[in-house]
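Asker: This is the structure, below, for whatever I ask next.
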């Protein structure tokens, strides 16, 4: 085989008359009455190669090649005639006149066409993932992913950060999701866990005095999957010592600006918008709001207190909430049947109903309009900024149901009404989170983020009297309605960390067994430290305009956490189980 001289994207009319050697895959072959044309594909693009009967040996071989054959061609770059120019490809003004053809390898007929547009099932694509990855759109996504990680590394190293790898085989600790467990052959009956995050190790690196750490970290969580979750994923993990929260946010803003400029050619203004957790929930019904469009939630308790509409008045009297969204100018777009469908939709999120009113020239119109006297209607219209042609939708329930149902409805309406500018990247910090979440079902508190998050110093006394009122020095970075990542200032005193464990239901013995190494480390001069981690897979998904996390992971798992290509997970031999002192309980498939 000859040495390849050029890739497809390196060919242009400036090379007219030059001899080149190209290698790649046959995308398409066409026989046009003597002349044979082959579209040769490599990872950079497609080049048209023409075979003339005058070059008999190469022409005869070209007649036999089929799609996805791997070939090598030698030939001369020539200009296409004016009527043959293809404006849809970068090198569409030239073609290569072949003088030699070598078939490096043949190929079976592929189970689907290797083209960007394919309507085959995702399962078939995942089974033949190595073929799916040949599609240019997939290569472009992974080229972008590589560019993102390169930019991140360069930025952080220039900022003085050290890239440090932390263990993959580690100790099982309660961090929220279930651990993936790895049995130890050497220590019978004992297990390692795959890390859900490098959280404890990166804090210990701050104890060690490293001050600035980062890692492109592999993480594992055995949890129920959805479109934007995978059992194994990659996060950009960062930890620093001696920085304030504002300094951490500012540094990460500059990191994101660098990525957006390098990878997308977009200048993102900073500082990013900041919004406290409670404000986000009040205005958007979500802790990760998409702020590219309006449709904000409006609180109406004061409007409906003691009003003639008993459903709303009773809700207010019970200490619950009534909120509304004004769908501007949508009265003509939603029929009664459409509103019934929206009512079913909010029911998924616990709402018992969706009340609605249309604003007409004659006043309010809809199923509940008869309960609104002139004064109440005027007060509502003023509060909602309503005009003729608007629809007002209402949910009345406890705060969590109102937020969940109207927050989800807001997102649906934004999509259905085409209100979202898909070209926009709206970054947002959500700050001042609650430190704890209380589970009525379990009758206990859980950490809203993780057990190592630092409370506001002025809220520490509330840990003994009103834990639900304690605010966390935590921050999430949100992009276009997706939680991109999050971080916090950390606890760095042993007594405060022990108090945190106590409130989370750990006995002193349990805390020592699970986290004794961390508690002891906190007795050896620990600096204040803070950090952040964001999901690389999700970041690339959003930058690439993809809608599925699996499209940004080379060999992903399905929604059932299986690999259709390798058929993992799979059974192992009795001998392997015996070595690990394991036995499988009988079960039904």
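Every residue gets a Cβ built from N, Cα and C, even glycine.
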Asker: For the annotation region 'Aspartate' in Swiss-Prot, which listed range does it cover: 195-198, 199-202, 203-206?
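Answerer: Based on what Swiss-Prot states, region 'Aspartate' spans 199-202.
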Asker: Which of 163, 165, 483 does Swiss-Prot put in the same ATP site as 221, 222, 223, 230, 535, 536, 537, 538?
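Answerer: Answer per Swiss-Prot: 483.
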Asker: Nearest of the binding-site residues to residue 490 (L-aspartate binding site) by CA-CA distance, picking from 223, 483, 536, 538?
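Answerer: Considering only the listed binding-site residues, the nearest one is 483.
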Asker: Let me know the largest Cα to Cα distance in Å among the ATP-binding residues 221, 222, 223, 230, 483, 535, 536, 537, 538, as an integer.
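Answerer: Greatest Cα separation within the listed binding residues comes to 19 Å.
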Asker: Whole-number answer please: how many Å between the C-alpha atoms of residue 536 (ATP binding site) and residue 221 (L-aspartate binding site)?
Answerer: 15
Asker: Any idea what the Cα distance is from residue 449 (L-aspartate binding site) over to residue 538 (ATP binding site), rounded to a whole Å?
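Answerer: Checking the Cα atoms of residue 449 (L-aspartate binding site) and residue 538 (ATP binding site) gives a distance of 19 Å.
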Asker: Restricting to the same chain and to sequence separations of six or more, state which residues have a Cβ under 8 Å from that of residue 221 (L-aspartate binding site).
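Answerer: When sequence neighbours closer than 6 are ignored, residue 221 (L-aspartate binding site) has 177, 178, 180, 196, 231, 233 within Cβ distance under 8 Å.
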